[in-house]
Amino acid sequence: MAKSVPAIFLDRDGTINVDHGYVHEIDNFEFIDGVIDAMRELKKMGFALVVVTNQSGIARGKFTEAQFETLTEWMDWSLADRDVDLDGIYYCPHHPQGSVEEFRQVCDCRKPHPGMFLSARDYLHIDMAASYMVGDKLEDMQAAAAASVGTKVLVRTGKPITPEAENAADWVLNSLADLPQAIKKQQKPA
């Protein structure tokens, strides 16, 4: 049996990149300051990096799945060029009220459901209790809780923080950029 590894689960829009709303083109994709360095440091610390992102714009007809895949490939290569290798990218193209029939459905992968997390856990042998979820919305925290992710981290770089999201989170940080230091501080012996 493969040894399980801890992971950092990462929402995309508002966590890795600035959320300009239905981001689907390279020209509109802007990495948030400090996140690439943080991701590199988290890899050095022994974490797998796994993106888990709702992409309802596909179901809503705002952009195609092919456009999303092109942008995702570009993001993955951009990170790899900066010595950040993602271990997995999981996305949900569905929405119950989508205008594109193929993707109009209730599914178990759309956050707050844990489907993407559980798929990653099984495929990558992730130790969920030792893992972290980083996101900017309540649904990110709820999905992480449903998947038994050990630490739920809410960041201020995306949507405005709601009291519900703050209550569902274990930690609230200004940015993903602050996570490596926060983990190191927590792991220091008292």
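Cβ atoms are placed via backbone N, Cα and C, with glycine included.
Quick look at what Swiss-Prot annotates:
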- Asp11: active site, nucleophile (ACT_SITE)
- Asp13: active site, proton donor (ACT_SITE)
- Asp11, Arg12, Asp13, Asp19, His20, Gly21, Tyr22, Thr53, Asn54, Gln55, Ser56, Arg110, Lys111, Lys137: substrate binding site (BINDING)
- Asp11, Asp13, Asp136, Lys137: Mg(2+) binding site (BINDING)
- Cys92, His94, Cys107, Cys109: Zn(2+) binding site (BINDING)
- Thr53: site 'Stabilizes the phosphoryl group' (SITE)
- Lys111: site 'Stabilizes the phosphoryl group' (SITE)
**OP:** For Asn54 (substrate binding site), write down the residues of its own chain that are at least 6 apart in sequence and whose Cβ falls under 8 Å from its Cβ; none is a fine answer.
**Re:** Tyr91, Cys92, Arg110, Lys111, Glu139
Original post:
Which of these recorded positions is closest to Asp136 (Mg(2+) binding site) if you go by CA atoms: Asp13, His20, Tyr22, Thr53, Cys109?
Top reply: Asp13
Original post:
Looking at the recorded positions Asp13, His20, Thr53, Lys137, which ones sit with their CA no more than 10 Å from the CA of His94 (Zn(2+) binding site)?
Top reply: none
Original post:
For Asp11 (active site, nucleophile), which of these recorded positions sit within 10 Å, Cα to Cα: Thr53, Ser56, Cys109, Lys137?
Top reply: Thr53, Lys137
Original post:
His94, Lys111: which of these binding-site residues has the sparsest Cβ neighbourhood within 10 Å?
Top reply: His94
Original post:
In angstrom units, rounded to an integer, how far apart are the Cα atoms of His20 (substrate binding site) and Cys109 (Zn(2+) binding site)?
Top reply: 23
Original post:
Taking the centroid of the Cβ atoms of Cys92, His94, Cys107, Cys109 (Zn(2+) site), which other same-chain residues have Cβ within 8 Å of it?
Top reply: Asn54, Pro93, Gln105, Asp108, Arg110, His113, Gly115, Met116
Original post:
Given the binding-site residues His20, Lys137, which one has the fewest other C-beta atoms within 10 angstroms of its C-beta?
Top reply: His20
Subject >> Additional residues around Mg(2+), ordered along the sequence, whose Cβ is within 8 Å of the centroid of Asp11, Asp13, Asp136, Lys137 >> reply: Arg12, Gly14, Thr15, Asp19, Gly135, Asp140, Val155, Gly158, Lys159
Original post:
Quick one: what's DSSP say for Lys137 (Mg(2+) binding site), helix, strand or coil?
Top reply: coil
Subject >> Assigned conformation of Asn54 (substrate binding site) - DSSP reduced to three states >> reply: strand
Original post:
When you tally the Cβ atoms that lie within 10 Å of each candidate's Cβ, which of the recorded positions (Thr53, Ser56) has the highest tally?
Top reply: Thr53
